[in-house]
Each structure stands twice: as structure tokens, then as C-alpha cells.
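Engineer: Submitted below is the structure of interest, expressed as C-alpha cells.
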């Protein structure tokens with residue numbers, strides 16, 4: 001029996017060292033509490049880091065072998081389930097702490113790093129999505145960077161919009177101090193490839209080239225005694241096809257609202273997601289302003305540095321509907337905006353998951369006669385709306401008792417469905433929920449943002465119920481179905 005990542009996740013909830021024990025059925029993980037032996041060797045390790053004693057090294061050797069066995073098994077498992085590159089990145093993130101012991105905290109840190117290495121988010125598998133990229137801030141000597149790209153491969157001519165904000169002009173000794181506070185002209189590069197090249201210094205690139213040269217010599221046995229320091233690349237440092245070093249970013253893939261398709265061709269729809277049109281307009285305008293030298297860059301800024309500009313794009317896409325904007329005090333940083341983008345992603349994914357579960361339940365597991373009875377007060381209007389606006393995906397369930405809708409759909413049809421569903425929810429809910437239910441009631445004339453906010457409230461209300469009855473599930477489903485049609489501008493023909 002081989003171990004899986006899930007076994008390490010289960011073991012990570014303990015505070016003590018995690019070790020491997022071999023059994024006749026295969027290796028198992030043993031989670032222990034810290035004891036005096038662990039404390040003793042941790043202290044020795046700390047002392048030895050300063051004095052580098054050969055005697056202490058021997059004492060620590062066997063103790064560390066126990067940690068290394070657990071660590072190597074974890075890294076091999078991680079490499080097989082994800083990738084060797086992500087396992088390498090995970091090791092880099094935790095290599096200092098695992099010198100003492102291999103703990104649940106180390107597992108969580110390395111799993112999070114491995115997950116971020118290839119990008120997080122279910123939207124990665126979709127043909128339409130937003131990618132937030134972050135090169136993290138590691139202090140004043142490495143400020144980091146952010147960029148945003150919007151991809152749409154569903155169009156006849158696919159689009160890829162990119163924004164990565166930089167200051168114009170060169171920094172000299174005379175302008176170095178003012179560089180932090182003064183406004184300068186701003187501009188955007190057009191590709192992720194350019195960003196990767198920009199994120200590595202000439203000095204680092206030279207060291208990486210020198211290290212590669214030494215390794216090549218040693219591998220060919222032409223120079224066994226070369227005394228140059230071998231400089232190894234990190235997991236996110238790679239050469240491009242032209243021989244230039246670059247640094248990959250941490251990526252967050254965020255869903256866009258509306259119709260979509262998976263990379264294997266499966267049709268999907270996101271009721272919740274960022275607004276592609278608004279964000280694309282913002283990016284195009286900002287780049288046009290930069291071309292006319294009307295756009296600014298300011299490093300110490302809430303909105304005019306790279307992170308602030310990325311935050312502006314998310315805001316244009318209505319991100320604050322899903323999660324409040326971060327409280328930026330003085331300057332927007334890549335790390336803070338990355339954390340915010342990830343929270344937006346998590347909220348959108350959670351809402352879409354709940355929405356899809358509600359849709360799937362009613363549309364696949366239902367009693368036709370019972371649902372027809374529950375819809376009797378608004379069945380005619382419901383069928384008219386659905387048959388006209390979704391003829392290709394419409395199911396027989398909705399057209400029972402009303403097979404020939406010839407009248408035009410009116411706002412009264414939308415109101416009939418909304419009022420009937422809302423009325424049932426109010427009657428079946430506790431009296432203290434009336435205000436909440438009134439806030440989620442959609443009007444056919446509501447703006448797009450209002451419909452999204454009310455759809456979120458519908459989902460949150462549904463998730464707050466412990467055991468909703470069939471009627472509640474159906475009316476929640478129908479309200480969300482109406483909201484979906486309204487968001488698709490179905491009411492523009494009313």
C-alpha cells in the first residue's frame with residue numbers, strides 16, 4: 001500500500017513531528033508529540049548552525065535521517081500526484097524549518113506552495129477566465145510585481161488582453177529618492193513572457209549561467225576541480241527557447257460570468273464571475289491613455305502602481321460584490337492583492353458550486369407531476385420565458401400543460417414567477433427571515449449588479465437552511481433560473 005497526499009493531509013493536523021513506520025502492509029505515517037529528545041536536538045541544531053561543529057554534526061546525523069525519510073516520501077508522493085517541479089518548489093519553501101523536524105505545519109506550507117506553483121482555481125480548465133499573476137514582495141530589495149490577463153477562446157477570433165503596469169523612463173541617482181513618491185508616466189507590457197524576463201536581474205541571470213556552465217563541465221568530467229560557486233536555479237526560474245532566464249509567477253484563475261466551455265469541449269455556465277466586458281474596457285482605456293502619455297505610475301500608491309492597477313481591474317469586474325475590497329492604508333502590494341484575488345476566486349467558486357447543485361437536483365432528480373403542481377400558479381409564464389429564451393436546452397418538464405406559447409413574453413411574466421416563488425419562501429420561512437427574503441427579491445428592471453447581489457443572497461439563504469423541502473428547492477431554482485435569464489439580457493426584448 002502506497003501513501004497518498006491525502007494521508008499526509010490527515011497527518012498535518014497534529015503539532016508534533018511526523019515520521020514513517022514500515023509495516024507488512026506498507027509505510028504508514030506516525031504523528032507524534034514533541035518530546036525532550038526533539039527539544040534537545042532542535043537546540044543542538046540551532047547551536048550548530050552558528051559554530052558548525054563536526055561532533056554536533058555526527059550527533060544530529062541520525063536524528064535528521066528520520067526527518068529525511070518522511071520528507072523524501074512526502075516529496076516523492078507530491079511529485080507523482082502533481083509534478084516534480086511543484087515538489088521542488090515546495091521543498092524550497094520549507095527547507096529551513098525541516099532541518100529540525102518534519103511537522104504538519106511543513107506539510108501545509110509545502111502543499112500550499114505546490115498548489116500555487118501551477119496556479120490555483122477551477123477556471124484554469126475553462127476557455128474563458130481571468131489570470132491574476134503575482135511575483136511576491138520579499139522586502140525593499142525585491143518589491144515584486146503583479147499582472148492580469150483575460151482570455152476568451154470562445155470567440156471566432158480569440159482574445160487575450162494583458163495588463164502589467166510599469167513606470168516609464170530611467171532611474172538615476174538624482175531621481176532614485178523621488179522614484180518612490182513622484183508620479184511618472186505609466187505603461188503596460190503586452191505579454192507574460194516579457195514579465196518573466198523583467199522579473200530576473202542581470203546579476204542573477206549571470207550567476208545562473210555560471211552555475212549551469214559549471215554543472216555542464218562537471219557532468220562531462222572536463223573540470224572536476226572547478227572552484228566556482230554552483231548557482232542552482234529555483235523551481236520557478238527557467239530559460240526560454242532563446243536562452244534567456246525568466247521567473248514564473250504565482251497564478252490565480254478566476255471565473256468570468258456567463259457561458260463557458262471546458263478545454264475538453266463540455267459546455268458550462270457561470271452565474272457568478274467577474275465581468276469580462278467591463279474589465280476589458282478598463283484595460284483597453286488604460287493602455288490607450290498610456291500610449292497618449294496620459295496615464296501615471298506611482299510606486300507608493302493605492303491605485304497607480306502595478307498592484308493597485310491590478311486591483312482596479314478586479315474592481316472594474318465587480319469583484320467587491322463577491323468580497324470587500326482590501327483596506328489599503330498607504331500602498332497596494334502584490335502580496336495583499338494576491339490574497340484578495342484568491343478570496344474572490346474562492347467565493348465565486350463556492351457560489352457557482354451551490355448554484356450548480358441546485359440546478360442539477362431539480363433538473364435531474366424530480367417528480368414531474370409534483371413539480372408541475374408546485375408551478376401551477378405561474379407555469380404558463382415560466383414556460384413562455386424558458387421556451388423563448390432557451391429553446392436549445394429546454395426540457396420537457398417545463399412545457400407540460402402548456403405546449404404552444406405564442407404570446408410575447410412581458411415583464412408581467414417575469415413578475416408572475418418571481419412573486420409566486422417569493423411568496424412561498426416567505427410563508428414557509430420563520431418570521432425573522434422576512435427582511436432577508438425581501439432583500440433577495442429580484443425585479444425585472446434591476447440592473448446587472450443588483451441581480452448578481454440578489455442571486456448571492458438567494459444562494460446564501462439556501463445554504464443557511466438545514467433541511468429545505470421540495471417546494472423551497474424548486475422555488476429557489478426557479479428564482480435563480482429567472483435571474484440567469486435576466487443577466488443574459490433576456491429582458492431586453494420585453
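Cβ from N, Cα, C; glycine included.
Per Swiss-Prot, the features are:
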- 145: active site (ACT_SITE)
- 195: active site (ACT_SITE)
- 306: active site (ACT_SITE)
- 171-247: region 'Involved in binding IpgA' (REGION)
Engineer: Hey, how far is residue 195 (active site) from residue 306 (active site), Cα to Cα, in Å?
Structural biologist: 12
Engineer: If you draw a 10 Å sphere around the Cβ of residue 306 (active site), how many other Cβ atoms fall inside it, taking every protein chain shown into account?
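Structural biologist: The Cβ of residue 306 (active site) has 30 Cβ neighbours within 10 Å.
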Engineer: For a quick check of packing: other C-beta atoms within 10 Å of the C-beta of residue 195 (active site), how many?
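Structural biologist: Total other Cβ atoms inside 10 Å, all chains included: 24.
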Engineer: With an 8 Å cut-off on Cβ-Cβ distance and a minimum sequence separation of at least 6, pull the same-chain contacts of residue 145 (active site), or say none.
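Structural biologist: For residue 145 (active site), the qualifying residues are 134, 135, 164, 195, 198, 199, 249, 306, 334.
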